[in-house]
Structure formats: C-alpha cells, structure tokens
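Below you'll find the structure, written out as structure tokens, and then a few comments.
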C-alpha cells in the first residue's frame, strides 16, 4: 500500500523526504500523462504502469498490504505474499530501487502539469 511504498522509498533514499517523490515530473503522484521529464519521472511512469497491470489481476495496489524487509538499504519482498501482495510489493520495490539510482532535479518538483505534461 502507499504507506509501505513510502517506507520502501525511505529505505533506498533515506537522504530525501518521501513527499519529494509525490509531486515530481509528470508521473510521480496521482495519475500521469505526457512524456516523462527525466529518469526519475520514468521510474514513476513504470510504477504507474505496474500498478495498472496489478489492477488487471483484480488487485487494489493502493490498498494492498504486503510483507517485505529493508536491510541496509536493500529491499526484499517476502515469499509468503499472495498473488496481489507479491505483484504490488514488486512494483514498489522496483520503483524504490529506481529512485535510488536516478538523479533528483529540484526544477522538476511541483511543475506545471498543463504546460509540461501534454
């Protein structure tokens, strides 16, 4: 669920508050359209698509609870997760790891979506 995703982000990117990823580019935050503005925004675009695939399985990605571990900045999804929990955990894990490897550009935070995300 979103609370667990926030904690995953904190695991892989402890130096930056999670909310910096909630309103970034065209895809980080609710919804998303247009062309991703950079690599970090592409992480969110992939995450959005992953949630879309989970929904096709009949899952509720924003609400699904899953089991995972964070150890020294490394995430693992637990093997005991059911189909939906495993799918959503994997979406969040991939995104959190992607965030850790992408450059954060302050100018892409809280952008004008109407102008830049056509």
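Every residue gets a Cβ built from N, Cα and C, even glycine.
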Worksheet item: Out of 39, 48, 92, which does Swiss-Prot tie to the same Ca(2+) site as 27, 29, 31?
Response: 48
Worksheet item: Counting distance between Cα atoms, which of the disulfide-bonded residues 44, 50, 59, 84, 89 is nearest residue 29 (Ca(2+) binding site)?
Response: 44
Response to the item:
The most crowded of the binding-site residues 29, 31, judged by neighbouring Cβ atoms within 10 Å of its own Cβ, is 29
Discussion item. On a C-alpha basis, identify the one among 11, 70, 89 that is nearest to residue 48 (Ca(2+) binding site); the candidates are the disulfide-bonded residues.
Written reply: 89
Response to the item:
From 44, 47, 59, 77, 84 (recorded positions), the ones whose CA sits within 10 A of residue 70 (disulfide bond) are 77
